[in-house]
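According to TrEMBL, the feature Zn(2+) binding site maps to CYS82, CYS87, HIS164, HIS169.
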Amino acid sequence: MSHALKQVFNKDKTFRPKRKFEPGTQRFELHKKAQASLNAGLDLKVAVQLPPGEEQNDWVAVHVVDFFNRINLIYGTISDYCTEQSCPIMSGGPKYEYRWQDEHKYRKPTALSAPQYMNLLMDWIEVQINNEDIFPTNVGTPFPKNFLPVVKKILSRLFRVFVHVYIHHFDRITQMGSEAHVNTCYKHFYYFVKEFNLIDTKELEPLKEMTSRMCH
């Protein structure tokens with residue numbers, strides 16, 4: 001493994017703490033099953049499909065947490081280059097600007113720098129996935145009615161991290177030799193959200209051309 005790739009997987013570069021699956025739980029077993037499919041080199045389109053006999057919400061929950069951890073790592077590797085000066089607006093090229101909105105401080109969509117936006121985004125997702133009322137960890141505890149709407153919002157916002165990284169920081173990813181890793185993560189994410197219809201097509205627009213080349 002190249003030094004740069006080691007950096008991508010280096011825990012010290014993680015943007016924030018990882019949400020772990022407790023050994024012995026059903027989620028942990030599902031997480032292992034998902035990882036085994038990837039490690040076996042299964043076609044990503046096949047790897048994202050719901051295994052027979054498993055609950056879709058459980059499968060989705062495991063992947064949302066996993067994507068959060070992976071995309072965190074990817075952003076963590078370029079975060080030193082994503083500054084108030086280099087990225088004063090959270091954007092994906094000249095056509096797309098993302099504004100932040102939440103239930104607390106930013107009740108109206110607000111223009112922020114990319115690093116500010118990313119910090120708020122990751123904090124917000126972390127709160128959601130650690131909320132037992134939304135992501136119950138105990139087997140048998142039903143998922144709430146708002147589970148899928150929350151998941152769709154999380155994944156749409158995580159997609160914006162890919163947009164910003166690909167359009168504004170891909171030279172850094174390439175310099176580090178991490179291009180293949182980031183592309184694989186993106187393909188995995190894309191096939192997953194398409195398989196379960198979790199992101200509106202219009203949200204995917206900024207990376208449409210790249211996606212059509214990468215994900216046949």
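Glycine too: its Cβ is placed from the backbone N, Cα and C atoms.
Within the set of binding-site residues (HIS164, HIS169), the lowest number of other Cβ atoms found within 10 Å of a Cβ is recorded at HIS169. Compute the center of the Cβ atoms of CYS82, CYS87, HIS164, HIS169, which mark the site for Zn(2+); besides them, the chain residues with Cβ within 8 Å of that center are ILE78, TYR81, SER86, ALA114, PRO115, MET118, VAL165, HIS168. A 10 Å cutoff on Cβ-Cβ distances gives CYS82 (Zn(2+) binding site) a total of 20 other Cβ atoms nearby, all chains included.
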